[in-house]
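Take a look at the structure set out below.
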């Protein structure tokens, strides 16, 4: 590819050549010089007079000069010395762009005889530009399921300088997940690519930031950078999890409908629909539990739905499930163990009189040893008599516990109803001639405390009978 003539000079140069040929009929010689762009005004390009073999004494008579105003825009030619110098700073990139060669054509004219000399000045590149990227930051979105070795194209840097002064290589900031690959295109330009070296995990690191640097081959080298921001796209690779696989809670009996038992709180580190959870009962939750407890699918709240009766069941087990909305969906499970607390919500059931308490009418006790022999049948046979016998047994049992029982007679076993406490065994059938307490009357049983004190009960009457056991010392 030949030298490139600046477009703003090409037309005038061609016209000038045509006019020269037509007017003067010939062109004599050709000179070529070079100068570095951005050279200061007055910088010597070359000595035209010397290169044409003109004597300094002949320059005035030969009227050595530039043949066009355009030529004089960038250069000046001294009539006294024949030196060609820079007239103003020249920006190679503005004249020739990225062309590898940049030539400025000039025309030098002499008279007596008339001659037209063609001069070309090559504008040499100066490493005065740094590589630059189109944007200061590049956004790349990569799925966390991307395969290792996957390639992601990056923007190339631009450097208007040419030759060794243009982009020579790229570098990437250190990364455990990515590396840099650079391809060389047919035109010699470099094309950078990002290479995935390690599997991405959005939950561990959702964003990666790298710095891509382009460096030219100038001396000293120049460089430009761009920020590579990588967003890791989520896939549904995490199942919901509960804080504990087994949760234990207490619930009072008769808790009102709507009472909150607990609120499930599973977590899923995925984002979007992959992390949105719905709650439901697990497959192992019994129908009975489903009738007693409700579960809000959105909030995870478990609440009382039916009557909670300790006597019916003191323990329930609820199997719960949290499922995300990903494709495919993933789920987690936990078990809620419910301990029901008992409430005093049942009155004792009155048991029927114990048949072991029944006596014949001849054995029926009375006040001051009296017996009611005029009645027949077993005794007790009504509520009043039953309570009288129970009071007697309680008092006698208290004496027996202190070793001062006044009971006598044959052995026998008596029981108390649920209203008066657990069963106990009496070693002697009481002597019914002793005073006994009869509910609703003023008569009293011989005072057990008085026995322990060795004193006769106050106001007591009737016969006293010694106990068959010695008093404890």
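Placed from the backbone N, Cα and C atoms, the Cβ positions cover glycine too.
Looking up the ranges 343-382, 383-422 in TrEMBL, the one annotated as region 'Disordered' turns out to be 343-382. Within the listed segments 288-318, 443-473, TrEMBL records region 'Disordered' for the stretch 443-473. Residue counts for the domain 'Cadherin' (134-242) under DSSP, split into helix (H, G, I), strand (E, B) and coil, are 3 helix, 53 strand, 53 coil.
Helix, strand and coil content of the domain 'Cadherin' (27-133), in residues and according to DSSP, is 23 helix, 39 strand, 45 coil.
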